[in-house]
Amino acid sequence: MTTVIEFYISDKEREIVIEQLLEFFPKKKNCKDIEKGIYDFTKQYCKSDNSYLRLAQAIYIDCAKNIMFNLKDENNHTIKKIKKLIDKNKYNAYNLAFLNPEELNKDNWIKIIARKQMTEETLNQMATVEWKPCYACKNTSYHFYQLQTRSADEPMTTFYICKNCMKTYKVNN
């Protein structure tokens, strides 16, 4: 016997999302368009890999919460611009659900990318050593650093970071 799982989001859940969106948009039509976008995004996401069908309700709620979280953020200038365009009917509200996180909050993602680049630059400036093959990727090139993690009368702990897969190994000498 096989169980068939179909895509389903309850009408009650959809109405709740529309009511929550009314807090941010004066026109109910815009809220319905955004909700329809969230619904279609969830459906498209679940159809891309049928194993996600069981999670349809959770994916739908997560997408709705993500949009509302960004709408509540006072410092998010990108979403404020999009909201004004939606209110003036110059931007299709339906498309809001299909925006990537970096499109919903550009300022935050610029900071995240800059932090990641700085971390990579710091890693590239660290000392490099050839050591035993990495268990994950078989690479033998590592960055390493030492920290005094235990009492002063014991040797320092050496940390090796694989340059290829970034897996960290700790060695107590």
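Please read every residue number as a count from 1 along the shown chain.
Note that Cβ sites are derived from N, Cα and C of the backbone, with glycine treated the same way.
Model, not experiment: these values are computed from the prediction.
For reference, Swiss-Prot has these:
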DOMAIN    9-129  domain 'TFIIS central'
ZN_FING   130-170  zinc finger
BINDING   Cys134, Cys137, Cys162, Cys165  Zn(2+) binding site
Cβ within 8 Å of the mean position of the Cβ atoms of Cys134, Cys137, Cys162, Cys165: remaining residues of the chain near Zn(2+): Tyr135, Ala136, Lys138, Asn139, Lys163, Asn164, Met166, Lys167
Other parts of the chain folded back onto the zinc finger (130-170), taken as Cβ under 8 Å at six or more residues beyond its ends: 123
Other CB atoms, at most 10 A from the CB of Cys162 (Zn(2+) binding site): 21
Tally of residues which DSSP labels helix, strand or coil - the domain 'TFIIS central' (9-129): 96 helix, 2 strand, 23 coil
